[in-house]
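**Student:** Got a structure for you, questions after.
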Amino acid sequence: MLFVNAAIVFALILLNGFFAMSELAVVSAKKSRLEQLARQRRHGANAALRLAENPTTFLSSVQIGITLVGIFAGAFGGSSFAGPLAEAIRDWPVVGPIADDAAFVAVVVVITYFSLVIGELAPKQLALSRPEGVACFVAPTMQLVAMVGRPVVWVLEASTRAVTSIFGIREDENDTVTEEDVRAMIAEGTERGVFKQKEREMLEGVISIADRHVRSIVVPRPDVDWLDVRDEPSETVGDVVSAGHSRYPVLDTEEDQVVGIVQTKDVLERQHRTGKVVISDIMREPLYVSESMPILKLLEKFRAHGVHMAIVLDEYGSFEGIATPQDILAAIAGSLPEAGEEVPRAFRRKDGSWLVDGAMVVDRLAQAIEDLSMPDEREFETAAGLVLELFGHIPDVGERVQWDGYEIEVVDLDGRRIDKLLFKRLIDAEAEADETSVEQ
């Protein structure tokens, strides 16, 4: 009889483990993975998805099961084993006078031990190791349990909502996935080896590009090679060959307006056929865009118009620069330099400071200097733009300003353009200043 009672208690502990495993597996399972298994017609995947989409009902069912099983296992075990154990130790010299109490405590300790190991820890470890597989396995049974206990579950759900409403918690409060959640998942994937560092940078570039505008990728007017619509044919061909680009904006310098775009292949083809190139005869209608246009909208315009260059205008309609699909790609994957062209970079020096090109995009700068943050709403897109924003004027070489725990020093100017900057942690800068004062 004792063997049968022991088997019943052990079965109850296993049932407790099943409930505990089910709870953690369904809660830990990734919805995207369950959806993939459902598309593959994996048995139990659809049921697991339904449980995950209504966690309150599912968790209430599990708690009912665990509570009832725990109470029944303790009561049944105590009544079945405490009496026989007390009779067995009643003649022992030390525990004899308290045999009933000692037997009851011993039974509780043993049942609790097996309940923790077999009924909680081991099943939960199994659920964490393969959450989606376990969720698919247990889901059909748990759906049946939830259906049988639905009346009690309904009462518990109503009680739960009443309690959580006191703290202002709503059921759909955590349903949305934020950009920070996605970034955290990418970072975790990189740490676990799912993504390489370059892949992480590209993924973060894709995420951040939705919040960026054309002004952040524009090639500024001073850096643009353009053709004058009034140039002589020989000058036009010479400019095209010497610059080496695939297309050029065409300006009317008297009106200071972009009047078209010319492709190099059209220039060379016309030169080969007729020996004379008149720009106005071969130039194409330009695509004008505002510098405040979102980058994703610019990409849509490139696709819709079938062009590979946009003329960027400022709020007054003045020519600000150009933007191309390559500039969009560079915003995602980093710059793709042409032969002889240098990419704006940030170099870490031996003393821990950073030498930064003024033309470096601040999003890339924040990736290089990980503890440097940039505001989401800003009027600048490059390191030089940040410094101009902080100074409020064009600084001279040697001028310094502080930002986000760093001292930024202007170390080189190219005319009025900020060429090189030195980023140094404030702590390091202050320590260096103290050493200098001591030496003096």
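Numbers run from 1 along the shown chain.
Every residue, even glycine, has its Cβ placed from backbone N, Cα and C.
According to TrEMBL, the record shows the following:
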- 1-199: domain 'CNNM transmembrane' (DOMAIN)
- 6-29: transmembrane segment (TRANSMEM)
- 58-82: transmembrane segment (TRANSMEM)
- 102-122: transmembrane segment (TRANSMEM)
- 220-277: domain 'CBS' (DOMAIN)
- 282-338: domain 'CBS' (DOMAIN)
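How buried are these features, and what lies next to them?
**Tutor:** Tertiary neighbourhood of the transmembrane segment (58-82): same-chain residues 2, 5-6, 8-9, 12-13, 15-16, 19-20, 22-23, 26-27, 51-52, 100, 103-104, 107-108, 111, 115, 142, 145-146, 149, 152-153, 156-157, 160, selected by CB-CB distance under 8 Å and a gap of 6+ residues from either end.
Each residue in the domain 'CBS' (282-338) has a pLDDT score, and their mean in this model is 87.
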**Student:** So what's near the transmembrane segment (102-122) in sequence-distant terms, Cβ-Cβ under 8 Å and 6+ beyond its ends?
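**Tutor:** Sequence-distant neighbours of the transmembrane segment (102-122): 9-10, 13-14, 16-17, 20, 70, 73-74, 77-78, 81-83, 85-86, 89, 95.
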